[in-house]
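Chemist: Below is one structure. I have some questions about it.
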Amino acid sequence: MNDDGKNASSERYLVLLGFSKWPHLEVALFVVILMFYLMTLIGNLSIIILSYLDAHLHTPMYFFLSNLSFLDLCYTTSSIPQMLANLWGPEKTISYTGCMIQLYFVLALGTTECVLLVVMSYDRYAAVCRPLHYAVLMNPRFCHLLAVASWVSGFTTSALHSSFTFWVPLCGHRRVDHFFCEVPALLRLSCVDTRVNELTLLITSSIFVLIPLILILSSYAAIARAVLRMMQSTARLQRAFGTCGAHLTVVSLFFIPVICIYLQPPSGESQDQGKFIALFYTVVTPSLNPLIYTLRNKDVRGAVRRLVGRERSTHS
């Protein structure tokens with residue numbers, strides 16, 4: 001990042017400015033983010049372990065939920081430890097290689113989540129609207145194929161963006177006005193025209209954000225119509241709305257902040273606001289997902305009781 005426009009790889013590190021404009025907030029943010037991170041680890045690990053150990057949870061819904069939990073664990077771990085280290089001490093640096101690795105995994109996992117939420121909405125559509133064919137439609141082989149497709153699409157798309165960003169020359173300074181390595185923040189460091197990069201980001205963001213959102217909303221619109229036709233079954237109605245309501249809450253918490261960051265024109269004035277929006281979908285949402293899915297979920301409560309009862313009988 002010299003003045004002659006050499007690529008950033010000629011320098012060994014970048015400075016993540018993060019929240020250094022508000023030094024009085026950094027200690028409070030460190031404590032709050034650490035708490036949310038611990039909640040994310042405990043909640044998502046619990047879902048993965050329960051889904052694996054309890055045979056009653058060996059269903060497509062909990063298979064995809066386990067994938068989402070594992071994804072959230074990886075997503076938060078790709079950025080939060082670095083963020084906590086920068087908030088705690090005066091050093092706010094990250095190696096250029098570390099920045100590119102973080103950029104790749106944050107993009108890959110974020111894109112995977114967009115696709116996986118579509119898959120989960122289709123699973124709910126099949127369960128509610130095609131109950132007699134559900135076991136055939138969502139057979140184990142097809143579920144595994146959908147999960148693999150979600151992960152492959154995310155990591156492939158990220159490879160495209162990461163490589164484009166890697167070859168953009170970063171000039172003049174090493175100060176990234178963000179708390180982690182994200183494409184829009186890195187493009188602001190460039191001293192060349194980045195309109196092609198921004199257009200590519202906009203197009204792929206539209207494909208992996210807007211199209212999934214439309215598909216998800218279409219699935220839940222069909223579910224709502226089907227559920228309203230089942231008004232005679234109050235218990236089934238409540239169960240369907242409870243499960244789908246949890247899914248829609250997760251979708252809203254993830255997609256709305258992402259749309260605010262990736263589908264608006266870049267501007268210096270919105271950068272500070274963008275940091276707090278990004279803080280929401282990188283820190284808050286992954287910690288809330290386990291609570292939203294399990295808080296009023298009889299299946300999970302039953303699995304916990306069975307697991308505790310099994311442990312007691314083993315030790316007695």
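Cβ atoms are placed via backbone N, Cα and C, with glycine included.
So TrEMBL says this about it:
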TRANSMEM  27-50  transmembrane segment
DOMAIN    43-293  domain 'G-protein coupled receptors family 1 profile'
TRANSMEM  62-81  transmembrane segment
TRANSMEM  101-122  transmembrane segment
TRANSMEM  142-160  transmembrane segment
TRANSMEM  207-228  transmembrane segment
TRANSMEM  240-264  transmembrane segment
TRANSMEM  276-295  transmembrane segment
Chemist: Near the transmembrane segment (207-228), which residues from the same chain, at least 6 beyond its ends, have a CB less than 8 A from one of its CBs?
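Modeler: Contacts of the transmembrane segment (207-228) (Cβ under 8 Å, skipping residues fewer than 6 from its ends): 111, 114-115, 117-118, 121-122, 124-125, 128-129, 153, 157, 237, 240-241, 244, 247-248, 251, 255, 258-259, 262-263.
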Chemist: Looking only at the domain 'G-protein coupled receptors family 1 profile' (43-293), what is the model's average confidence as pLDDT?
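Modeler: Averaged over the domain 'G-protein coupled receptors family 1 profile' (43-293), per-residue pLDDT gives 85.
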Chemist: May I ask whether the transmembrane segment (240-264) has at least three C-beta pairs under 8 Å with the transmembrane segment (101-122), counting pairs 6 or more apart in sequence?
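Modeler: Contact criterion met.
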Chemist: Sort out the residues at least 6 away from either end of the transmembrane segment (27-50), same chain, that have Cβ-Cβ distances under 8 Å to it, and list them.
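Modeler: Counting only partners 6 or more residues beyond its ends, the transmembrane segment (27-50) has Cβ contacts under 8 Å with 19, 57, 62, 65-66, 69-70, 72-73, 76, 80, 83-84, 87-88, 279, 283-284, 286-287, 289-291, 293-294, 300, 303-304, 307.
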Chemist: State the non-local partners of the transmembrane segment (276-295) in its own chain: residues 6+ outside its ends, Cβ under 8 Å from one of its Cβ atoms.
Modeler: 33, 36-37, 39-40, 43-44, 46-47, 65, 68-69, 72-73, 75-76, 79-80, 106, 178-180, 182, 246, 249-250, 253-254, 257-258, 260-261, 301
